[in-house]
């Protein structure tokens, strides 16, 4: 067997795709994960990491293409790290996402034959994002850039167009880049931890017509003055910009989130229509980025919850209350729990505007909130159904323990990561039965997938049926 070493180059054939999108190849019986590639392609690769049981590699060239490929629609594809599957036909993307969910439940959750339904496609495959995050940087020639991260690195690609965002967002980015360059202040330098311009976040409801722009900069004596001039020029050039937020970020980590808000201008609360409900949201609240596909996702949550109007529901990690309000007309009471105070305030406003007086939202760490409820310290009834939509890391073991102790009849688990979902579902299987899992594609042209899972309490009802 050939000895692997970092820097070695090989020709390999892609056998499959791994969750996260890496290409799975084999060479003399050893597995190699390559940063890009499609099944059937022959790649020329360079090994970057060698482990005992596998190796990682970067693709230097595609030696042989496959007949199953399609032409990417974006001029930045292959350079920008935003979406990696534009050359994979959409039906194949859906099939691989279903496989990722099934494989995760089998391999991580140790569920022998999980009932995984076909992936629901996104109604839109282009122009679907209601939020985009862009990064500033300055190169060695002192040229400022604003765009998306280059694949596998910290450099920024000046995107001139993007198939995932709207035409309005494209105009905002192009204009903002020109204004920032004219300021003479540098973009952020990751290595040196210095610079002024850091991030631009654009949020635009699906119905269009207005957008909210957040500019995040480093602290600077003239930061507010520069930012006000920036927004004045931006709003003159792009009238759809109806609200502006200037935030500062002192931390070095590359996260598009401000430590503090310096000032706001205009309308800083937007409204998104989701099915029959309307949701207010701002720059610091979470909302799914694909509105039309989110309606399909929530439709699956509603179907699996199987509410008749008599049930008490807990909505964990509820955000701005979107799932709670979607289910409100079918539930007796709903209690939403969320760690971010701004999101809870938005959820309360949304519920009040919708006339949902039976919906309550509580701010606090979900672990602590569940702990107090499991000890009988809260006034809410014991839930019949729990909907949980945790962050990518999944649920803390304490949350899982609290759910096992509370033992609702049904748990509907909404996940953005098949691996952590499968881990959590596997732990819940000691008291629950997995009825079905439904992947939903909120992120076309990427390997990311949302999943809705239905679990039923073995001691309460082991014969649940749902209509697909």
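Using N, Cα and C of the backbone, Cβ positions are placed for all residues, glycine too.
Within 10 Å of the C-beta of residue 416 (active site, nucleophile) there are 18 other C-beta atoms, taking all protein chains into account. Residue 416 (active site, nucleophile) carries neither a helix nor a strand DSSP state and counts as coil. Taken from Swiss-Prot, the feature active site, nucleophile covers 416.
If you look up Swiss-Prot, you'll see 74, 80, 83, 162 marked as [4Fe-4S] cluster binding site, on the strength of similarity to another entry. In this structure, residue 80 ([4Fe-4S] cluster binding site) is part of a beta strand by DSSP.
Here Swiss-Prot flags 288, 317, 338, 389 as S-adenosyl-L-methionine binding site. Taking Cβ-Cβ distances under 8 Å and a sequence separation of 6 or more, the neighbours of residue 288 (S-adenosyl-L-methionine binding site) in its chain are 294, 297, 322, 442.
According to Swiss-Prot, the feature domain 'TRAM' maps to 3-61, an assignment based on sequence analysis.
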In sequence order, the binding-site residues (83, 162, 389) whose C-alpha falls within 10 A of residue 416 (active site, nucleophile): 389
Spatial neighbour of residue 338 (S-adenosyl-L-methionine binding site) that is closest, considering only the binding-site residues 74, 83, 162 and their CA atoms: 83
In the chain carrying residue 83 ([4Fe-4S] cluster binding site), residues 6 or more apart in sequence that have Cβ under 8 angstroms from it: 74, 77, 163, 164, 444, 445, 446
Distant-in-sequence Cβ neighbours of residue 80 ([4Fe-4S] cluster binding site), under 8 Å, six or more positions away: 74, 147, 148, 149, 150, 151, 157, 159
The domain 'TRAM' (3-61): DSSP-derived helix, strand, coil residue counts: 0 helix, 36 strand, 23 coil
